[in-house]
Amino acid sequence: MCGIFGYINYLVERDRKFILDTLLNGLSRLEYRGYDSAGLAVDGDKKNVVCAFKEVGKVAKLKELIEESKPDLTKTFESHAGISHTRWATHGTPSRLNCHPHRSDVNWEFSIVHNGIITNYKELKALLETKGFRFETETDTECIAKLTKYLYDQQPDIDFTVLAKAVVKELEGAFGLLIKSVHFPHEVIAARKGSPLVIGVRTSRKMKVDFVDVEYSEDGALPAEQASQNVAMKKSATGLLAPPDKSLLHRSQSRAFLSDDGVPQPAEFFLSSDPSAIVEHTKKVLYLEDDDIAHIHEGQLNIHRLTKDDGTSNVRAIQTIELELQEIMKGKFDHFMQKEIFEQPESVVNTMRGRLDVANKQVTLGGLRQYISTIRRCRRIIFVACGTSYHSCMAVRGVFEELTEIPISVELASDFLDRQAPVFRDDTCVFVSQSGETADSLMALRYCLERGALTVGVVNVVGSSISLLTHCGVHINAGPEIGVASTKAYTSQFVAMVMFALSLSEDRASKQKRREEIMEGLAKISEQFREILKLNDPIKQMCAKFFKNQKSLLLLGRGGQFPTALEGALKIKEISYLHCEAVMSGELKHGVLALVDENLPIIMILTRDNIFTKSLNAYQQVIARGGRPIVICNYDDPEFSSAQTEKIEVPKTVDCLQGLLNVIPLQLISYWLAVGEGLNVDFPRNLAKSVTVE
Ligand code: UD1
Ligand code: M6R
């Protein structure tokens, strides 16, 4: 739950100011991933000296600290490697000591930044302590730095890659990490297992090929003796590795970076947990896969793996990403969340682009095409997700049941795993996640893969773990979502999943009319979003008038609008810290009604659908107790014509899509409530965008 950024220049002269600014700027783009402390390590004035800065708070504080320490900003480096990190604390409180980079020793022989959790750090720490290492932080990461030095000291002529392989083999858990070392100046190791890492490449000349070969240990494995030591280490952590054998390394050149005569060219490399921090420097990126160890040195990038026959490709493509810098900037908006709410008319169109053909009444999801007939035959579909993504699954359950007639269940990933719920080979398990990195969802995915189920991803971030690990899936193409509160991802997930249900039911003659009605509804959604967003100012005023200084708020919905209420309540809690409870209106009389009086603020979702009369019952119950609910209803609904009724009017759409429209006023309410309280909407306390811990 942190952000990593690294910058390496080779034969491209840069002064220290440029290097520090590049690292700090990269970190600020990643701040949404964690923002309780930040740090970086660059080369010092003298050879073999590392200059590290660490500070509690946001990246701006780190910048201040660096300015105060007045480093020589004019010093130039023809080749240099810098690493940096923005943290969201898991092991140890936010403090200068606990913040990254972590070091192997007082001389910073090895500096490390790390995302994820090393689950066997206690064993490694205990072992390294017996070897004389003194630990100075409460983090799990520090053991990686110390372990690296320990292994290096056993064989100081070791190659950096061989060393990195030996280190990585001892680590259990999840990681994305960068290692910088005074013993390997201007070089960086980047390794990933379960935590994303992207490498951007900038060269003045065109690259020879658009891929990098993957290199393996000779014979595809470690020698038996070393492998068995490894197993012993895993079990007891009592015997650290014998120094790895240098001959294991199969050296090949990474062809992409060489000139015609085979000489490395000037190059710059940008390493990041997320491409959004790279796009302003280069569009050429390479996504590392799990268990890849990348070595950047002398203008080259080599990718290594421990074993050959693990089913992964022999090359990593250097892709051109289409992300534009303006897409990840706030533009005219005050907050990313606000920008993302207002982007929804476009983001839903991007979700449907090339997939929904209303004229020919067809939906084509390229990523599912080969699997659709298998999914149609499955015995049930299980949706698994967390938070907002879970709510989007709840919101589409009805339309899946109606169109496919396949039994549907919707699961919170953590609870699903806690129960070790039964999963079978003829199940289809759908993992819905904006980031594609959420630990609970990812673990549930692995659980379902082990049980032989067909797995489908509905993911925003291309190249994310869920996207890579699922058999097939749909990218929702909503564009980068930076605000911690998920908004446009919700509406795009909703739309993507409705299209999924439409694809599944394509062969059902009895459903054709209904399918066409839904497709026509989808075609109008974007325009209807635009209309609703015109309510921005009235909603802002409404928030100031009705919700200021309140302690609690109820949000009532029924049927398809209960998930909308859940999502609205989560948004309000998450960024305005106002307690807000979503209540299924049918349940009101079973307890919650006791809370209702003339003072408790209540929002009721009362757009027209086939259970509208039942929803009205709840409305009457509230009114009868003196409650004065704010109503979300369709335009000019005669039921709410009284001038006394406070209402937010939204356009009407097909019933199963109405939640898409109704959620937008709730997103705006949560936004204005938080702004009204002077809170930092994009960085709610205790939360981060990508929850990569259990
Ligand atoms: C793809 C291209 C898109 C191109 C279009 C043209 C990508 C990412 N998308 O879009 O740029 O315009 O073809 O036909 O290259 N997948 C998973 N799990 C997930 C999400 C996706 O396995 O969670 C897989 C899909 O099964 C598919 C691939 O990733 O094999 C791309 O998915 P998606 O982007 O949704 O496919 P298209 O819409 O066809
Ligand atoms: O990236 P994911 O969609 O898997 O994230 C799941 C939740 O952590 C996320 O939706 C969270 O609830 C949001 N911050 C809500 O706005």
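Placed from the backbone N, Cα and C atoms, the Cβ positions cover glycine too.
Keep in mind that what you see is a predicted model, and the values were worked out from it rather than measured.
According to TrEMBL, the protein has these features:
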DOMAIN    2-299  domain 'Glutamine amidotransferase type-2'
DOMAIN    371-510  domain 'SIS'
DOMAIN    543-684  domain 'SIS'
Average the pLDDT scores across the domain 'SIS' (543-684) and report the rounded value. 93
Count the residues of the domain 'SIS' (371-510) that DSSP assigns to helix (H, G, I), to strand (E, B) and to coil, and report the three numbers in that order. 66 helix, 28 strand, 46 coil
Just give the helix, strand and coil counts over the domain 'SIS' (543-684), going by DSSP. 68 helix, 26 strand, 48 coil
